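First the structure, in the form of structure tokens, and then the observations on it.
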Amino acid sequence: MPIYENTLYPAPFFLPGGHAQTLYPALFRTLDLPACTVQRITTPDNDFLDVDFHYAILGYPRKRLVIVSHGLEGNSKRSYVKGMVRAFVRAGWDAAAWNFRGCSGAPNRTPYMYHSGSTEDLQCVVNFCAGKGYEEIVLVGFSMGGNQILKYLGDPVSKVHSSIQAAVAFSVPCDLIGAAKAMDRPSNSIYLKNFMRTLKDKIAQKHEVFPELVDITNLNDLKTFKDFDEEYTAPWYGFKNAMEYWKESSSVQFLDKVRVPTLMVSARNDPFLWPTCYPTGQAHRSKSLYLETPADGGHIGFVRIADDDYYWSEIRAVEFVGQVMGLT
């Protein structure tokens, strides 16, 4: 499918470079949505997932639904999630913004949390939503959430639900080995420290509940994603080490198998991504994968200053879905 390297995303003049475009929405964007309906889904292992449902017409569920997946250590209340939800709701879609385990503000029940390659919880959310009567479902994911979506759609082990009509993924670290290298850049230290702080806080909380299962002896010594994944993620989820976890969880290896019309958008100045996170070869070969790599945008940025308060990513997602589903 086409690869668009020169997508006309016009970054605001006052946000030069990937870091400014990444930080601005995280620091300054606020938006309010009407009250949502929160539903707690029980997982097969007796844990739970909290899902925020937003309806295009209150009290009258539609047949079309967008499921929005946040990024690492994010949640359904992040501005990029709420912005995407609002855009689809205004376009006539119901929306479900779900929280990874332990990300909704309530500690999850089991010792373990989530990781970049885990798609079982996404499958659980999709099945639950399809069971509510939604006949046409679209998936939208950001960063880690985007990697999970792409892996879910392309992994032969996945049982992709027949209701899935399209997908859109932004700022995707589809090669986790490369993304880990990117995060080790000195210029990314502020982001890495923030991620490590929240991850380590959750591990400390887990230790209080499961002291025999969660060892915190080395917790304060962990400085990088490799440190964390070697200590916790890999052994918890059956990987030999961080490298094996990253390799097996990277969605880039599954993109050739994606059969649902899918748009992948990653800015070329995204500070979180490595050159291997731009899968031009797979996109050229694929009949389903559309790749867009605008020069600007940062990581989950794509800031747009306008009276309607839509970001470019929100406009692009609704536009793409409408095109491939014949709604426009």
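Here the Cβ of each residue, glycine as well, is placed from N, Cα and C on the backbone.
Those TrEMBL annotations? Automatic predictions, nothing curated.
Quick look at what TrEMBL lists:
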- 65-302: domain 'AB hydrolase-1' (DOMAIN)
- S143: active site, charge relay system (ACT_SITE)
- D270: active site, charge relay system (ACT_SITE)
- H299: active site, charge relay system (ACT_SITE)
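Sequence features annotated in TrEMBL and their locations in the structure.
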{"residue": "S143", "record": "active site, charge relay system", "Cβ neighbours (10 Å)": "27"}
{"residue": "D270", "record": "active site, charge relay system", "Cβ neighbours (10 Å)": "29"}
{"residue": "H299", "record": "active site, charge relay system", "Cβ neighbours (10 Å)": "28"}
Between D270 (active site, charge relay system) and S143 (active site, charge relay system), what C-alpha distance do you get in Å?
11
Could you state the CA-to-CA distance between H299 (active site, charge relay system) and S143 (active site, charge relay system) to the nearest Å?
8
